[in-house]
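Novice: One structure follows; several queries about it will come next.
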Amino acid sequence: MANSSCVTEFLLLGFSSLGELQRVLFVVFICLYLIILSGNLTIISVICLDHGLHTPMYFFLGVLSTSETFYTIVILPKMLINLLSVLRTLSFMSCVFQMYFFLGFAVTNCLLLGVMGYDRYAAICQPLHYAILMSWRVCGQLAVTCILGGFIVSLAGTTLVFSLPFCGSNKVNHYFCDISAVIRLACADTYINELIIFICGVLVLVVPLIFICISYGFIVSTVLKISSAEGKRKAFSTCASHLIVVIVHYGCASSVYLRPSAQYTTGTDRLVTVTYTVITPLLNPMVYSLRNRDVQLAVRRMIMKTRFSVKSF
């Protein structure tokens with residue numbers, strides 16, 4: 001791909017227009033980055049170590065937390081370096097790989113959220129068949145399918161962008177190599193490429209979202225038939241955390257990727273992109289730990305075991 005291009009590196013403009021405010025942003029983002037890493041790693045560790053959480057719902061939560069951890073590692077370290085650096089360049093191939101892995105993990109997250117919606121449907125609407133519908137073999141197959149699907153779509157999207165010639169400006173008006181910002185630098189007609197990318201975006205974002213909406217339609221219908229108020233509360237509480245993450249993730253991603261690049265506005269898009277590259281991975285462990293009693297109890301048990309082990313040592 002690099003042979004068809006005169007550009008050998010890209011300059012990430014990022015937040016360079018903010019001047020001294022970048023130092024403040026560095027402090028804010030590095031704190032958020034550390035919270036994201038510690039939060040998601042805690043979720044992963046607790047799910048792996050606590051046998052009470054060895055269920056399909058928490059299995060997919062663990063996979064989602066793992067994906068979001070790598071998702072932030074692809075973007076945030078370079079962004080933090082650029083906030084303190086005058087030289088904000090990224091080699092052509094580094095930009096290719098950054099886009100590929102970012103899209104791969106982002107699409108994987110979208111597909112996983114759809115699968116998690118199906119898991120809630122099976123648990124609430126088909127409780128007698130849940131063990132069969134969501135056996136460990138099925139869970140493993142669904143997780144692998146989400147990961148493979150995510151990186152296949154990412155390969156297609158990245159190829160469509162970097163198969164174009166880049167022979168003009170190398171200034172990416174973003175803090176990472178995002179599709180919308182990079183494809184605007186191509187010195188060729190990008191209509192067909194953008195159309196295919198847009199169709200892929202619709203399939204990746206809209207189809208799982210419709211699937212989630214249908215699943216929750218059946219869930220609401222089933223829960224309303226439960227006679228006790230406590231039963232309804234428990235059923236809805238298991239879905240609330242998932243719904244919050246779905247609304248934020250799909251809402252922000254759709255506002256950026258489900259529209260033509262002609263409507264691309266750098267300031268607004270950077271703000272929205274910060275939301276789903278920083279806030280969503282931050283929201284996931286916070287929502288699931290603050291709203292989920294099982295996770296809270298598991299964290300307490302892990303802390304107690306750690307303290308006991310230290311005292312024994």
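Using N, Cα and C of the backbone, Cβ positions are placed for all residues, glycine too.
As annotated in TrEMBL:
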DOMAIN    39-288  domain 'G-protein coupled receptors family 1 profile'
TRANSMEM  24-49  transmembrane segment
TRANSMEM  56-77  transmembrane segment
TRANSMEM  97-118  transmembrane segment
TRANSMEM  138-162  transmembrane segment
TRANSMEM  195-224  transmembrane segment
TRANSMEM  236-258  transmembrane segment
TRANSMEM  270-290  transmembrane segment
Novice: Do you know the mean pLDDT across the domain 'G-protein coupled receptors family 1 profile' (39-288)?
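Specialist: Overall, the domain 'G-protein coupled receptors family 1 profile' (39-288) comes to a mean pLDDT of 87.
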Novice: Against which stretches of its own chain does the transmembrane segment (270-290) lie, if we need a Cβ under 8 Å and a gap of at least six residues from its ends?
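Specialist: That would be 15, 29, 32-33, 35-36, 39-40, 42-43, 61, 64-65, 68-69, 71-72, 75-76, 174-176, 178, 241, 244-245, 248-249, 252-253, 255-256, 296, 299.
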Novice: So which residues does the transmembrane segment (97-118) touch in its own chain, when a touch means Cβ under 8 Å and the partner is 6 or more beyond its ends?
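Specialist: Answer is 57, 60-61, 63-64, 67-68, 70-71, 74-75, 78, 90, 142-143, 145-147, 149-151, 153-155, 157-158, 161-162, 176-179, 182, 204-205, 207-209, 211-212, 215-216, 242, 245-246, 249-250, 253.
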Novice: Give the one range among 56-77, 138-162, 236-258 whose Cβ atoms make the most pairs under 8 Å with those of the transmembrane segment (24-49).
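Specialist: Counting Cβ pairs under 8 Å, the winner is 56-77.
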Novice: In the same chain, who gets a Cβ under 8 Å from the transmembrane segment (138-162) while lying at least 6 residues past its ends?
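Specialist: Distant Cβ neighbours of the transmembrane segment (138-162) are 1, 5, 56, 59-60, 63, 67, 96, 99-112, 115, 179, 182-183, 186, 193, 196-197, 200, 204.
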